[in-house]
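Annotated Mn(2+) binding site per TrEMBL: Cys69, in sequence order. The phosphoenolpyruvate binding site feature in TrEMBL is assigned to Arg108. Annotated compositional bias 'Low complexity' per TrEMBL: 265-277, in sequence order. Positions annotated as region 'Disordered' by TrEMBL: 265-285.
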Amino acid sequence: MSSTWTPSSWRSKHTAQDVKYPDEEHLAKVLSKIETLPPLVTPSEIERLRNQLSFVQRGEAFLLHAGDCAESFDACTHDNISAKIGLILSFSLILIWGARLPVVRVGRIAGQYAKPRSSSTEKIGNREVLSFRGDNVNGLDPDDRTPNPERLLKSLPSAYFHSTATLNHLRSLLTSGFASLHHPRDWSLSHVRSPSLRNEFGIITEGLADALDFTRTIGFDSGRESVSYEQGGGRGVLGEVDFYTSHEGLMLPYEEALTRAFSIPPASNSSSPSSSPTRPPIAHYNTSAHFSMDWRSYETVGRRTCGVFQGHSESDRD
């Protein structure tokens with residue numbers, strides 16, 4: 001592995017799950033445009049998650065990572081997004097109650113559009129066609145399997161557009177009171193298929209809601225005030241909650257286009273277990289999500305992209 005990492009150093013490695021575009025020039029133009037677009041998340045948000053994960057590593061918090069194996073553009077609707085977020089919030093509240101620990105919530109959302117495949121082709125009837133690689137690559141229809149760079153950006157069904165729309169709605173939900181722990185009854189459990197399990201969750205949620213109503217009535221509302229917001233402290237655990245996005249970084253050209261150099265947020269340079277006096281003032285951040293990961297792993301390498309010297313390992317190395 002080379003000693004110097006750059007956003008493009010993955011290109012010198014073998015890359016499993018690489019998508020072959022028939023028009024490389026078209027792809028390059030789309031990626032050049034993406035490089036000029038605003039980031040989807042901010043360095044401050046990424047650093048905040050980094051610090052909260054340090055709490056998890058020390059056993060002072062619990063990491064809840066949940067979401068779809070692969071998102072679809074068609075599922076980018078108010079009902080789908082709010083139901084998914086509500087379910088994850090409900091689970092996190094139950095974990096807080098049972099584990100007596102803060103929960104760091106990371107959703108596989110707003111970018112989980114790519115699909116790893118064991119084979120580049122598949123048989124549909126008597127036809128052999130290219131495998132469906134996710135909405136950001138090609139279409140589910142067998143006649144729409146040619147990888148199309150427009151799905152990353154320009155056409156209405158594009159990865160950047162749907163990631164932006166999902167993030168925008170997610171942020172509006174989190175700041176409008178939807179995520180307030182005072183209102184757990186508003187979070188739908190319709191995604192829980194087992195009636196008995198859904199009923200059990202409902203009983204727990206109802207009990208917690210009653211307890212939270214009591215604390216609100218007597219005027220008690222506390223947060224982790226001893227830790228600053230930038231260092232991972234709370235706004236107030238009964239008010240707004242943090243929710244971070246993640247996806248598998250399968251589409252490395254797209255990830256590279258959204259990896260930018262920024263000044264490290266000042267608050268992350270001190271009082272953090274992961275910081276050091278020699279940390280440079282400028283760092284690269286993958287702004288496609290708060291947490292970009294290799295296939296079916298957190299910061300490890302998955303079965304279909306395995307290998308220390310492979311492109312996904314190099315991309316995640318910084």
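Note: Cβ is positioned from N, Cα and C throughout, glycine not excepted.
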Between the residue listed as 'Mn(2+) binding site' and Arg108 (phosphoenolpyruvate binding site), how many Å separate their Cα atoms? 8
Cβ neighbours within the same chain of Arg108 (phosphoenolpyruvate binding site) - under 8 Å, at least six residues apart: His65, Ala66, Gly67, Asp68, Cys69, Glu71, Ser246, His247, Glu248
